[in-house]
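So that you can see what the record holds, here are the features copied from TrEMBL:
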- 37: Ca(2+) binding site (BINDING)
- 88, 230, 234: Zn(2+) binding site (BINDING)
- 34-52: transmembrane segment (TRANSMEM)
- 72-91: transmembrane segment (TRANSMEM)
- 125-144: transmembrane segment (TRANSMEM)
- 150-172: transmembrane segment (TRANSMEM)
- 184-204: transmembrane segment (TRANSMEM)
- 231-252: transmembrane segment (TRANSMEM)
């Protein structure tokens, strides 16, 4: 495949009026006039694919109607992918709002799940009302104020609570020293690492934006795609978010499967038996179980 220069097709962009090209458009329509940021749009498929896998896995179980509630976090994950893709495709203000708020729509049902494990129906409903009301208040404030500080703090606080409760659930649901605990810790550690890698890449992309753009223009397509670091942020955080949603669902549901890798999509099964699990484990699952 030959190398071709990155083309900035500002005059032919489908989504931006001529008066706003040089004000609002921050990247190029080099691949197609219908997508402002091609890679940043395409990589949102990661969220959608993992969400579909999680939903399908739940509906394949014996009681799909009972599992409908458990699919809500996966629908939230899919919403993140769709809203983020809409923003990067159009770079419009209203799609940016959708992109921002979809993060909260995803974390809220996960937060409800970890806070209501083994709770009564009444407690679960009360928590749902409290979290739902808080979410709506944040949505209204974010749309009116158009600032990211409260939005970011809310997201970070939600992630912190989810992380703490995940640790507590692992300690309660698994036996100390067991293969199940070792494997699930491997998956969780890997999920945390790859999520934070995505965040670090996102920070670096913002800090070195001009240099990266110049480098992409110099090396041309298709290699310039690999320096679209915001796309890597989508990939890494998509994997990390899926892992935590799936692990929390597994722990909160009380399923007794001895090995978490039976329930999760790649690369979680690899992580459960990698160095992230505390030691390299290449033995088959049934052999490791017998040793215990």
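The backbone N, Cα and C atoms fix where each Cβ goes, and this holds for glycine too.
Where the annotation comes from TrEMBL, it is an automatic prediction and has not been curated.
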Sparsest-packed of the listed binding-site residues (88, 230, 234) - C-beta count within 10 angstroms: 230
Maximum Cβ pairs under 8 Å to the transmembrane segment (34-52) - stretch from the list 150-172, 184-204, 231-252: 231-252
Residues within 8 Å of the 88, 230, 234 Cβ centre (excluding the Zn(2+) site residues themselves): 37, 39, 40, 41, 43, 44, 84, 228, 231, 233
The transmembrane segment (125-144) vs the transmembrane segment (72-91): 3 or more CB pairs under 8 Å: no
Residue 234 (Zn(2+) binding site) versus the residue listed as 'Ca(2+) binding site' - Cα distance in angstrom: 13
Residues from the same chain, set at least six apart from the ends of the transmembrane segment (72-91), whose C-beta lies under 8 A from its own: 15-16, 24-26, 34-37, 40-41, 44-48, 50-52, 54-55, 58, 98-99, 101-103, 105-110, 113, 230, 234, 238, 241-242, 245, 248-249
Surrounding CB atoms that lie within 10 Å of the CB of residue 37 (Ca(2+) binding site), all protein chains: 24
